[in-house]
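Working notes, beginning with the structure itself.
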Amino acid sequence: MLDHKDLEAEIHPLKNEERKSQENLGNPSKNEDNVKSAPPQSRLSRCRAAAFFLSLFLCLFVVFVVSFVIPCPDRPASQRMWRIDYSAAVIYDFLAVDDINGDRIQDVLFLYKNTNSSNNFSRSCVDEGFSSPCTFAAAVSGANGSTLWERPVAQDVALVECAVPQPRGSEAPSACILVGRPSSFIAVNLFTGETLWNHSSSFSGNASILSPLLQVPDVDGDGAPDLLVLTQEREEVSGHLYSGSTGHQIGLRGSLGVDGESGFLLHVTRTGAHYILFPCASSLCGCSVKGLYEKVTGSGGPFKSDPHWESMLNATTRRMLSHSSGAVRYLMHVPGNAGADVLLVGSEAFVLLDGQELTPRWTPKAAHVLRKPIFGRYKPDTLAVAVENGTGTDRQILFLDLGTGAVLCSLALPSLPGGPLSASLPTADHRSAFFFWGLHELGSTSETETGEARHSLYMFHPTLPRVLLELANVSTHIVAFDAVLFEPSRHAAYILLTGPADSEAPGLVSVIKHKVRDLVPSSRVVRLGEGGPDSDQAIRDRFSRLRYQSEA
């Protein structure tokens with residue numbers, strides 16, 4: 001049993017605590033001993049608190065300095081719209097973008113022919129040894145359209161390729177290569193316009209220069225990809241190999257042994273062999289880069305051949321099995337699981353070929369394909385191809401799944417002959433926004449009957465499959481068009497090059513930029529079939545909220 005003291009402590013615990021505290025007060029020596037024997041926890045706590053507040057003060061001080069004392073770099077103000085005009089000029093079907101002045105906004109490069117340059121630059125055709133008029137290359141700011149550099153580059157230009165890498169340590173990390181007429185071959189610094197090298201070309205005066213300019217792996221060991229120019233003379237295609245860093249010819253001219261057309265594609269098989277693919281009538285022709293290199297240099301090189309491909313190529317005609325209905329018009333690379341596949345577009349149908357076996361993966365039926373397809377994403381993170389099937393008032397836009405060839409969507413979009421190519425931009429929802437040109441009044445043929453050429457630019461997004469947004473309409477002749485992401489997630493715009501349809505009749509040439517989002521509020525909503533419950537303004541709001549992103 002509990003004694004009297006324990007029982008009282010259990011019944012009255014507070015009194016017991018008071019008694020203990022009074023005992024401690026009455027015995028100070030014992031209390032001091034307890035303090036001396038206790039660990040210095042209170043002093044450690046005070047040190048921790050001081051360190052915490054000191055760290056907090058330092059963090060706040062750094063935030064204050066970064067936010068208010070150190071000035072932030074000025075972000076250039078990007079105009080919503082700008083326009084540059086050249087009188088008595090001719091514009092080329094060439095358009096390229098790159099950040100030339102380092103302001104993190106894409107700038108625009110183009111070519112035009114004129115007697116003199118713009119008022120800001122005094123270099124004339126005569127200064128560069130050309131007769132007037134001659135071809136000028138120009139780079140303008142994507143932010144405001146101001147001229148960054150401009151100079152005469154050739155009497156006339158047959159072929160141009162920009163963003164060609166240069167060797168490490170060179171004065172320019174990237175160059176524009178121009179093949180001129182009658183016999184010039186020049187490289188200019190992409191960022192300043194200054195000449196890197198300039199030579200006379202070795203092409204015959206009767207030779208036609210075929211597109212595009214191909215970049216092949218470095219064979220002369222200078223650290224830059226080398227250049228392959230293909231020409232056609234007397235129904236025979238020949239290859240000319242040049243150093244990418246100096247422009248000097250490597251070896252002699254080499255014949256591919258077959259007739260061909262523009263639209264060449266440099267393809268790498270899954271064994272690492274390089275082949276040149278090109279359309280020849282209704283067949284697909286090919287040539288080994290290894291064999292061409294041995295012809296032009298007389299010696300072996302760093303390239304190799306693929307035995308399977310050599311067995312598919314006819315030794316005499318260099319033709320492969322025809323997979324096309326009608327003339328082959330375009331060859332395009334498509335990303336595959338184990339390398340690139342080849343999309344072969346014919347005038348009456350198209351087919352996706354396996355990149356190694358060249359066997360059809362799928363073959364949808366299409367009646368009349370005359371335009372180059374574009375790629376984009378109809379479903380999230382799933383690559384699709386948009387094909388223009390038919391022309392004029394019968395044109396349809398087909399969206400096909402690149403994995404299966406299944407038709408995802410079909411849009412009836414009548415167009416005018418000779419309309420600009422389509423374009424696409426990736427959006428933040430892992431799809432793409434598509435831009436197509438068509439008739440201003442989709443349900444009327446009066447424009448084609450009266451000859452009133454009025455192109456309208458339509459915007460389409462897969463989340464609204466029964467709606468088109470008419471952004472703008474243009475009555476002048478459009479030479480080139482592209483949709484460009486000038487700043488990541490901020491600034492999507494389209495670029496137009498307009499000018500005379502006849503290159504022999506100079507006239508007004510214009511370079512125009514319009515920001516897409518600023519055109520949406522005044523756009524016209526076009527409903528295809530029965531529209532949904534959303535109002536026109538609600539649809540415009542959805543297009544305005546689209547965010548764009550760079551390609552992965």
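Each Cβ is built from the backbone N, Cα and C atoms, and glycine gets one as well.
Record note: of N198, N206, N389, Swiss-Prot gives the feature N-linked glycosylation site to N389, with no matching annotation on the rest. Taking N116, N120 one by one, Swiss-Prot attaches N-linked glycosylation site to N116. Per Swiss-Prot, the residue annotated N-linked glycosylation site among N144, N314 is N314. The glycosylation sites recorded for this entry are N314, N389, N473, and the Cα of N473 lies nearest to that of N116 (N-linked glycosylation site). N389 (N-linked glycosylation site) sits 32 Å from N314 (N-linked glycosylation site), taking the CA atoms of both as reference points. Secondary structure at N473 (N-linked glycosylation site), taken from DSSP and collapsed to helix, strand or coil, is strand. With a cut-off of 8 Å between CB atoms and residues at least 6 apart in sequence, the same chain places H440, R454, H455, S456, L457 near N473 (N-linked glycosylation site), listed in sequence order. Comparing Cβ neighbour counts within 10 Å across the glycosylation sites N116, N314, N389, the minimum falls on N314. The topological domain 'Cytoplasmic' (1-49) scores a mean pLDDT of 54 in the predicted structure.
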